[in-house]
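Here is the structure we will look at.
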Amino acid sequence: MVCHGLTLLRLRCAWQWVGASGGDIFWANNNDENGSRTRLFTRARWRYVWGMSSFSEDDAFEAAAVPLSQRAMARPSAAYLDGLNPAQREAVETLSGPVLMLAGAGTGKTKALTTRITHLLATGTARPHEILAVTFTNKAAREMKSRIGGLMGEAVEGMPWLGTFHSVCAKQLRRHAELVGLKSNFTILDTDDQIRLMKQLIEAAGIDHKRWPARMLSGIIDGWKNKALTPDKVPVADSGAFDHKGVELYAAYQRRLLDLNAVDFGDILLHMVTIFQKHEDVLDQYQRWFRYILVDEYQDTNVAQYMWLRLLAASHKNVCCVGDDDQSIYGWRGAEVGNILRFEKDFPGAHVVRLEENYRSTPHILAAASGVIAANKGRLGKTLFTSRTDGEKVRLIGHWDGEEEARWIGEEVEAMQRGTRGMAPLGLDHMAILVRASHQMRAFEDRFLTIGLPYRVIGGPRFYERMEIRDAMAYFRLAVSPEDDLAFERIVNTPKRGLGDKAIQTIQRTARSNGVSLVEGARLVCQGKLLGGKGLKELTFLVGSLDRWHAQVRAEADTHVELAEMILDESGYTGFWQNDKTPEAPGRLENLKELVKALENFENLQGFLEHVSLIMDNETEEQGEKVSIMTLHAAKGLEFPAVFLPGWEDGLFPSQRSMDESGVKGLEEERRLAYVGITRAEEICTVSFAANRRVYGQWQSAMPSRFIDELPEDHVEVLTPPGLYGGGYGAAGMAASASPAMAGMVGSDLHEKAHSADVYNSPGWRRLQSRSQQRGMAMPSEARNMTIDMTAVSAFTEGERVFHQKFGYGEVIGIEGDKLVIEFDKAGSKHVVAQYVVSADKADDVPF
DNA sequence: GCTCGTCCCATTTTT
DNA sequence: TGGGACGAGC
């Protein structure tokens, strides 16, 4: 069956035509060298060919083989080109040959990228399936899809090859799995499975797993995979770890994965690179197929991704890479800035377009960011500019310690929320606190909880990485394929069935000696009564349940959603969490519901399992106005009117560890992180640092970050009162001698005092407090109290059992002002705002 | 096999 | 300081 000569423009016509007829027959007009032809498609066929439901690659291969004639294509009224600046327009319209789009922060990168795809489609230069467009995140892929749809005026469903590196590669790999010894229904392991597997291998190799933890091996192997190194290609110099058995373990791990018909994230790309290198015919097909390639966030590509791209682009070289070398912050994960720096060498004659007009931030913010990043060497170089002339300088403030920093930011957030210094009130959704490391978040969470400021933490464990989701998935995996040993290991004793290490060893031994899967091994154990009492009974029941579920999956007797619910129910897993009285239990049950809901979007369990590990998001769209707290890494790609950047202290940011491990390279990456942080801000950017901070329970003092010295003074307003720390600084002090002046704050005896327990009684501390208050840095507590709803407190009585979203269950032991004093079962005694507390008996109703 | 106490160690984490 | 891993004891 051949279907070709269609662009989305035509697709639109076809839809309209059908809409008018209301029939089930599609009409498609082909204009190509073969002349005009009219074909009839059924709706199902149409969807099939264009990948709207299940995409058939064979059809598309055929389609791609037919050259497309552009002359017959109607040129669209290119309304989508309006509103592009000259650079963007150049990036959009230079369709042939390699293009590097250097897009600074906030310069309309996504706009240019999506318009470029639209342009390819609308001019008939390429058909949807001839475009390969890769991103790093599902979010970015979704965004691109919807924006292209917006530009085209139609939902774009027919772009089968727009997705993340991993989803696109997984799709390819399912097609060619047998070339690397896999079956096309291979499972994709998550990190947890990976580590459990490696642990087994380490123990089997007789290596001390304490000295060489599985986590480390996992990191090392991931690193090799990121570099596209198969076990036979790992350089000798890299093989010192694990008693020189690292490479051996890697090879063993890869063999084990093949046995399990499984891959890890790294393999998805590595296998495809291997296939392309070894099977020219396959590569050739794809090369002809993907006539245009687009890559988002090119600076974040690792070696494997780079090789994959180069192989695919090698023949036609119509590759457009978009990125910003200044925002490369994933080097520690294998990303190679070198890829983007080398682009012009890799693709001679490459057209480089710089997007430098920023539409996000004020000039001061841009200047500050530029000032910092200028210290990096070996940049491709961009100068961001804006037509804006308004805006505040970047604000800089020092604090005595981390707690005060959190307190100050809390108050500042509340002030902005009310509207401050003539500025309009700002919603909490428009403010963000960006930290270097996630442990810094705690200070803010504690503080915000205390003052009753709603916040949301972005990041943290992904939805599908949560324990309960993995457990549930393991049950589903087993129901679909009983030979999934890893899944069996995971759930055999979850919920508790009295099947501990010994029972599991018996099962494994039996399975191994009979050459069968663990489920079959378990069956033999039951039959041979190789276990005693309770364990045997439970195991027999489990094996029986698994059989039943598997039969139901095959019979398709129930819908997969009902089946999933049944599995969770009958396994006792739902009940397990219902009986669990820890504060997390309600949330976990909620997550399980979410998981079942997510199933509805798939046709069956198999389909769900094949894709879910690549596409499940953590986007539980909580509604409500909340300040966001997240890491700088998580903030990439986002923007907020007001941004707080706390913890700018040497050692914390830039992180000591980065500098120790990667030297100048590490420092430069940290600096890019600073650049990313500053450029997230649209209107107000506040950088802060603390002289003292409790790290692992120890007080430590630190120098202000060297990045603070790099902020150009003309664009910075120092909020810290002059003379506060005994150094004559402020704007003038900074000008005189930036670094020593800022460092002066901790250079005195206060420094030493910080280490002692009576720090709060030190003269320096008292001086700081009184000055802070004089200058309005800390808002008097009376003022804050006025905004608190006192009735909330009165809703509780002493002795009442309550539930708190963070601290769990506890008992009210008193009421002090606007706070409840609660003795928590787990967390001890705390003062908390009533707003976050409910009666214990209502705890189940609250969707915390 | 489970629970509790002790000890150890601690970035960033798109898939 | 606090969470996770592990080993001793029930």
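The backbone N, Cα and C atoms fix where each Cβ goes, glycine too.
If you take the C-beta of A:THR110 (ATP binding site) and look for same-chain residues 6 or more apart in sequence within under 8 angstroms, you find A:ALA140, A:GLU143, A:MET144, A:ARG147, A:ASP296. What TrEMBL records for A:ALA103, A:GLY104, A:ALA105, A:GLY106, A:THR107, A:GLY108, A:LYS109, A:THR110 is ATP binding site.
The domain 'UvrD-like helicase ATP-binding' annotation in TrEMBL covers A:82-362.
What TrEMBL records for A:363-637 is domain 'UvrD-like helicase C-terminal'.
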Cβ neighbour count within 10 Å of A:LYS109 (ATP binding site): 22
Sequence-distant neighbours of A:GLY106 (ATP binding site) in its chain (C-beta under 8 A, six or more apart): A:ASN358, A:TYR359, A:ARG360, A:SER361, A:LEU384, A:GLU639, A:THR679
Which listed residue (A:GLY104, A:GLY108) has most other Cβ within 10 Å, given these are binding-site residues: A:GLY104
Candidates A:ALA103, A:ALA105: member of the binding-site residues with the richest Cβ shell (10 Å): A:ALA103
Cβ-Cβ neighbours of A:THR107 (ATP binding site) (radius 10 Å): 26
Neighbours of A:ALA103, A:GLY104, A:ALA105, A:GLY106, A:THR107, A:GLY108, A:LYS109, A:THR110 excl. site residues, C-beta within 8 Å of centre, ATP: A:ALA112, A:ASP324, A:LEU355, A:ASN358, A:TYR359, A:ARG360
